[in-house]
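In what follows, a single structure is set out as structure tokens and then discussed.
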Amino acid sequence: MSEHLTVVSHPLVLHKLSLMREKTTSTAVFRQLLREISVLLAYEVTRELDMTTKRIETPIQEMDAPVLAGKKLALISILRAGNGLLDGVHDLIPSARVGFVGLYRDEETLQPVQYYFKVPTELDERLVIAVDPMLATGNSSVAAIDLLKEAGATNIRFLCLLAAPEGIARMKEAHPDVPIVTAAVDEKLNEQGYIVPGLGDAGDRMFGTK
Ligand code: URA
């Protein structure tokens, strides 16, 4: 992808996102909407995949048919909210390999700390799509991308649902080579690091926690 930031302002994406933002939307409906939007976002984040051709036979004649080139993609969920985006993307690319990065925020240093890391082999030969619904401060996203690069990934895209200008700037500074695809860019972060107007805590809304 050539652009550092792609905003997928498709009417269906925006409509579903507005439903997700409403505080009265139930956990079940929120999860379902996220799954539906993630399929549409996955369509955009995979737009420029490398292609090759394969000789096939239709019932009428032979042809060189376009197929995806290279190793299977790697989808990396940044826990825990990443799992909500992962499901829809995985529906669209069922043969993708899947990995997980677990990070929590140290309450004293406010820095992300790794507690889990399991990713597919040969990351250096795969397109890696890291997913996390909320790009807020960018701290955990930058840390997750750092870890993926340490594990060998060189071709990474970041897929989120909502981004704050602060998170986009932080990612652009730390990882200018990682394109971001999002459904919307909101106004700002509040003092607690929540996206404004946002949709609240994506993990809590997805899993019914507080
Ligand atoms: N994480 C969330 O889930 N929501 C925000 O608004 C910011 C970070």
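Backbone N, Cα and C define each Cβ position, glycine as well.
TrEMBL has this to say about the protein:
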BINDING   R80, R105, D132, P133, M134, L135, A136, T137, G138, N139, S140, D201  5-phospho-alpha-D-ribose 1-diphosphate binding site
BINDING   I195, G200, D201, A202  uracil binding site
DOMAIN    7-209  domain 'Phosphoribosyltransferase'
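Features as recorded by TrEMBL, highlighted on the structure.
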| residue | record | Cβ within 10 Å |
| --- | --- | --- |
| R80 | 5-phospho-alpha-D-ribose 1-diphosphate binding site | 18 |
| D132 | 5-phospho-alpha-D-ribose 1-diphosphate binding site | 28 |
| M134 | 5-phospho-alpha-D-ribose 1-diphosphate binding site | 28 |
| A136 | 5-phospho-alpha-D-ribose 1-diphosphate binding site | 25 |
| G138 | 5-phospho-alpha-D-ribose 1-diphosphate binding site | 24 |
| S140 | 5-phospho-alpha-D-ribose 1-diphosphate binding site | 24 |
| I195 | uracil binding site | 26 |
| G200 | uracil binding site | 15 |
| D201 | uracil binding site | 15 |
| A202 | uracil binding site | 25 |
Using a Cβ cut-off of under 6 Å to any atom of ligand 1, determine which of the binding-site residues R80, D132, S140 qualify. none
Under DSSP, is I195 (uracil binding site) part of a helix or a strand, or is it coil? strand
Just the number: how many Å between the Cα atoms of I195 (uracil binding site) and M134 (5-phospho-alpha-D-ribose 1-diphosphate binding site)? 8
Surrounding the recorded uracil site, with Cβ no more than 8 Å from the Cβ centroid of I195, G200, D201, A202 and those residues left out, we find P133, M134, L162, Y194, G198, L199, G203, D204, R205
Residue pair R80 (5-phospho-alpha-D-ribose 1-diphosphate binding site), D201 (uracil binding site) - Cα distance, angstrom, rounded: 11
Roughly how many angstrom lie between the C-alpha atoms of A136 (5-phospho-alpha-D-ribose 1-diphosphate binding site) and A202 (uracil binding site)? 11
